[in-house]
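First up is the structure itself, then whatever we jot down about it.
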Amino acid sequence: MSYLPNLLFIIILFLGIGFFAKNVKKLMRNIKLGQDTDVSDNKAQRWKNMAMIALGQSKMVRRPIAGILHVVVYVGFIIINIEVLEIIIDGIFGTHRIGLQILPQSVYGFLIGSFEVLAVLVFIAVIVFWLRRNVIKLARFWKSEMTSWPKNDGNYILYFEMVLMTLFLVMNATDVNFQALNSGNVISQYMAPWFSGLSEGTLHIIERGAWWLHIVGILIFLNYLYFSKHLHILLAFPNTYYGNLKPKGQFNNLEAVTNEVKMMMDSNVDPFAAPAEGSEDEVPAKFGASDVQDLNWVQLLNAYTCTECGRCTSECPANQTGKKLSPRKIMMDTRDRLEEVGKNIDANKGEFKEDGKQLLDNYITREELWACTSCNACVEACPVSIDPLSIILEMRRYLVMEQSAAPTELNNMMTNIENNGAPWPYNQMDRLNWKNE
Amino acid sequence: MSELLKVPTMAEFMAQGKQPEVLFWVGCAGSFDDRAKKITKAFVKLLNKANVEFAVLGTEESCTGDPAKRAGNEFLFQMQAVTNIEVLNAYEVKKIVTACPHCFNTIKNEYPDLGGNYEVMHHTQFLKTLLDEGRLTIEGGKYKGKRITFHDPCYLGRANNVYEAPRELIQKLEAELIEMKNCKRNGLCCGAGGAQMFKEPEKGDKDVNVERTEQALDVKPEIIAAGCPFCNTMMTDGIKAKEKESDVAVMDVAELIANAQDL
């Protein structure tokens, strides 16, 4: 009978991690629905970017208040998780505070003491975050795409963190033996008196309750990630690794177009010649993107990484001047549609069944796409190297090259370039007239 | 004045069997837009003054394809690019300078993949080098103490991380360089990029150029300096919309330097 808690713990741990692993598999399957793209170059720079931007939070602190508070929560999250390691070992082997048995008491006390201080700091930071969202009502948290689930999601995460930090401190405060050691209880010693009237038995029940709720809470939180914007705590790392290394102004040249253009320009090519063996494979099904499967997998990874902080949208000139475009919404729409496609595949035995919907029009409107000035402010603002602009460009490519659906003025501009080599209706032969004017 | 401008073409250089030091890529705005043509001429005056052996393509130049590419027309972009690259490579061009950040970005970043490899400089970078090498000097305190703010063109700044060259030039004028709330990597777009120059904006509650002009006016400049013909147009329109034409001028950095020496 005495093994029952251990057994229960192992089952819960197994289920918690198992469900999470299942969702991670689904996540990777969905990301791989994207087109292939070569990101194998320049590994040294990529590792450096990951170390600086994700691990080092270099772009977060560009906005100092949110940035520093975020660093507190981030560091707290990572370091307090060392405590989770002890909880897992204790849970599996039925020990209690195994750390005390293997570490000198002073070291253990120092560790737990730091966790307690961090827990309080995290708690305070999370409260400030909550106030910024719900009381100060920072504009970027109240844009039109931030209603219903995205709005609630942001708050649920904060509540979760408040509860987890509280449980951790209560667990320490009600641990009679730990308090008796008087080492490492830097914060919890002040909480212990709150429970002073209670019997040792009741304290033990509260301590065990907090312990169990803490670990179960963490496992629930882990499984919540897949459904939440909070996935960034994991995906920020691969996302910054695979982030763009080229100058921001450089847009990719479509290789399929290059082949066709070269053929058109080359007088030695026989336009009626039979295509070379296997060359059909090189021709893409379509130019640009109208749905998530047309985007590349890094763009899809971007969508899952987005934590909807809205820094991109708050820097966007179109959004600032009241246009519908919001780079954050581009990322949220991409993720929502990708999830929909994923569920469709799950429901249809691994095959995507046409559902009469697509990313274009059903999620992202043309009005949004045409409002972009391609200024890269959103890309610069993103703390985790997401590139909303590349998705906008791919969708414009689809509109123009597959649908000939550019706004009339842009069609005029392009006709001018085609006919006289300038976006305006001037003759190319007049290009040097300025010299004599 | 105009008869004093020396603007040789690549074809003329080739006929003499010579290579110029640098090709000046004028760009469509610089060739056809009335306001931008003044920038072109100011830059040429400086090149003449510094005795730079440069050439233009003249009637052999064609749009780089930037607005087509950013509107989504990759076909048209690559047709333009490949045609231009053929011309540039035929003249064995090695170094290009341009006063348009869009041409700068496209030729520098997007042409290499298509066979066009050149050293590309923005005119502010080029002028900076001329100053550093002592080939050009800035005399006269015409702009001494004047409050000048620099509007970062997206395709020069964020797109290519060039922030300092234009600022160093303004400081050489002994002007008081003042920064807007959003500058350098946080600079706000003028509203013209991504082919917006050629269309009406989407529905909103303000035009981007007005928003940016307001940011500029907040720091009370006498001159808004630009480094892009499109930004120049947008900011000039913004100043008109705010009815500040008599107080604030929008000028290209090259014009400031040329004016400073009464060229």
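Cβ from N, Cα, C; glycine included.
What TrEMBL says about a protein is an automatic prediction, not a curated fact.
If you look up TrEMBL, you'll see A:297-328 (among others) marked as domain '4Fe-4S ferredoxin-type'. Sequence-remote contacts of a segment are chain residues at least 6 beyond its ends whose Cβ falls under 8 Å from one of its Cβ atoms, and for the domain '4Fe-4S ferredoxin-type' (A:297-328) they are 27, 30-37, 39, 63, 66, 139-141, 143-146, 150, 153-154, 229-232, 235-236, 238-239, 242, 334-335, 338, 365, 367-369, 371-373, 375, 377-384, 386-392, 394.
Sequence-distant contacts of the domain '4Fe-4S ferredoxin-type' (A:362-394) (same chain, at least 6 residues past either end, Cβ-Cβ under 8 Å): 49, 53-54, 57, 59-60, 62, 232, 235-236, 239-240, 243-244, 248-249, 251-252, 288-289, 294-295, 299, 302, 305-307, 309, 311-318, 323-331, 333-334, 336-337, 405, 407. As annotated by TrEMBL, domain '4Fe-4S ferredoxin-type' applies to A:362-394 (among others).
Annotation comment: TrEMBL describes A:6-24 (among others) as transmembrane segment.
The annotation transmembrane segment is assigned in TrEMBL to A:65-89 (among others).
Outside the transmembrane segment (A:109-131) by six or more residues, the chain places 69-70, 72-73, 75-77, 79-80, 82-83, 99, 103, 155, 158, 161-162, 165-166, 168-169, 172, 178, 181, 183-188 with a CB less than 8 A from a CB of the stretch. Annotation comment: TrEMBL describes A:109-131 (among others) as transmembrane segment.
Taken from TrEMBL, the feature transmembrane segment covers A:156-174 (among others). A Cβ distance under 8 Å defines the sequence-distant neighbours of the transmembrane segment (A:156-174), meaning residues of its chain 6+ beyond its ends; these are 73, 80, 83, 112, 115-116, 119-120, 122-123, 126-127, 129-130, 133, 185, 187-189, 191-192, 194-195, 203-204, 206-207, 210-211, 213-214, 217-218, 221, 224, 228-230.
Using a Cβ-Cβ cut-off under 8 Å and counting only residues 6 or more beyond its ends in the same chain, the transmembrane segment (A:209-227) has close neighbours at 9, 12-13, 15-17, 19-20, 23-24, 26-27, 84, 87-88, 91, 156, 160, 163-164, 167-168, 170-171, 174, 233-234. Under the heading transmembrane segment, TrEMBL lists A:209-227 (among others).
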Spatial neighbours of the transmembrane segment (A:65-89) far in sequence, C-beta under 8 Å, 6+ residues away: 13, 57, 95, 97-99, 111-112, 114-115, 118-119, 121-122, 124-126, 128-129, 132, 161, 165, 168, 211, 214-215, 218, 233, 309
Per-residue pLDDT averaged over the domain '4Fe-4S ferredoxin-type' (A:297-328), given as an integer: 98
